[in-house]
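S.K.: What Swiss-Prot lists as Zn(2+) binding site is 225, 228, 244, 247. Taken from Swiss-Prot, the feature domain 'CoA carboxyltransferase N-terminal' applies to 221-483. The zinc finger annotation in Swiss-Prot covers 225-247 and is backed by sequence analysis.
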């Protein structure tokens, strides 16, 4: 276990108000005076704090006799944090993620002694650059790697210890209002030399492995970024449009979330909701029958098929829109998907509506054989009539991943083709190309930015602008808001 000296951006008053914690919540060593003993695995490492005025000074004497700065941390063992809030008050926070223990001590006497002696000890060793360098590296180097770990642990166990779901959210979407955000000391010291530190690597690896190990156990609390492996609090992830708060990576969105993002509230009118596949070629599978697999995805996603189609308003402009869902059999295009998209385009043709297709697919569905390949021609034929004969406007939005038959048909037929940042866009996947051609595919050659520079599509639009850009395009082409 590692120990850290932290400053907290959450005051004692806020902590008590949000989490319903009293000034002394059964802290380490039971300083609250409660008769009920507190037991945890760290008692052997945490020295006696019992009694308001009877602290053992043997610990303080030991602090003064340390041979190295590293041993200072033995005074605060396990997951115990010395915290100073924005008001300058000090307290300790202890949490044990395995045994589900969360304790806070707000007694300022001992912590004041600890802080004073800690500062005195550093002053005594101020002549040694090695000691200061070790301390600087130990305290400052790991702010980024431990930020999410501390936030998620404290946030989770405040809820579990107080049985209050409402203590997390106060009506604000700002994550800094909902987490206990901690940072290592002050901003002015962040520029300290870190190049030769071995601690940075070891602690960063420890934090990353801890996140990975706990991802399954606490998967209901967070979403892990597939790019940087940072943790994003699940409760607020949808409000952040599934964008990683750490690196800005655009993670996959469900079709329902995309409809909520693009369509004005109260204007969504779905089409052909109950159209389902009937296994037209009676596909044989030794593992799971095709119909059973369809049923399992329907239960898992709540959708009838891999695409949702309908009409609605985008910033007041009536549109027809189809949104593919990669969670439903990889967004594969079967006969039902092709039929729903074709009907949507024909409906928009008859009513002179602009069309948006949001693509997220692995390609044609192999369980339907040549019938799935026919959908490419059928949709393309409907689009030809829509674009060439009726002179209407079609916008294609390519998200990650867009591959196979979708890329080879309606995905690349838009009058304007928009891509999301870092979207995986290709006809054949990297593994298929390498196995077929026996050649290595260069890293990054199938992401949106690479294809953009080759002229494959038009703009790359971040998700937070994805509603505004099509709206401006529609108005430029003569489609305006209607009451």
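Even glycines carry a Cβ here, placed using N, Cα and C.
Owing to the predicted nature of the structure, the values given are computational and were not obtained by experimental measurement.
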S.K.: Translate the DSSP assignment of residue 244 (Zn(2+) binding site) into the three-state scheme.
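M.R.: DSSP assigns residue 244 (Zn(2+) binding site) to coil.
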S.K.: Identify all same-chain residues not among 225, 228, 244, 247 whose C-beta atom falls within 8 angstroms of the centroid of the Zn(2+) site's C-beta atoms; report them in sequence order.
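M.R.: Surrounding the site, in chain order, are 226, 227, 229, 230, 232, 245, 246, 248, 249.
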S.K.: Residues with Cβ closer than 8 Å to the Cβ of residue 247 (Zn(2+) binding site), same chain and 6+ apart in sequence?
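M.R.: Set apart from residue 247 (Zn(2+) binding site) by at least 6 residues yet with Cβ under 8 Å, we have 225, 227, 228, 230.
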S.K.: Quick check on the binding-site residues 225, 228: which one has the highest count of other Cβ atoms within 10 Å of its Cβ?
M.R.: 225
S.K.: Report the same-chain neighbours of residue 244 (Zn(2+) binding site): residues 6+ apart in sequence with Cβ closer than 8 Å to its Cβ, ordered by sequence.
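M.R.: Counting only residues 6 or more apart in sequence, the Cβ neighbours of residue 244 (Zn(2+) binding site) under 8 Å are 225, 227, 228, 230, 232, 250, 251.
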S.K.: For residue 228 (Zn(2+) binding site), which DSSP three-state class applies?
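M.R.: Going by the DSSP assignment, residue 228 (Zn(2+) binding site) belongs to neither helix nor strand, so it counts as coil.
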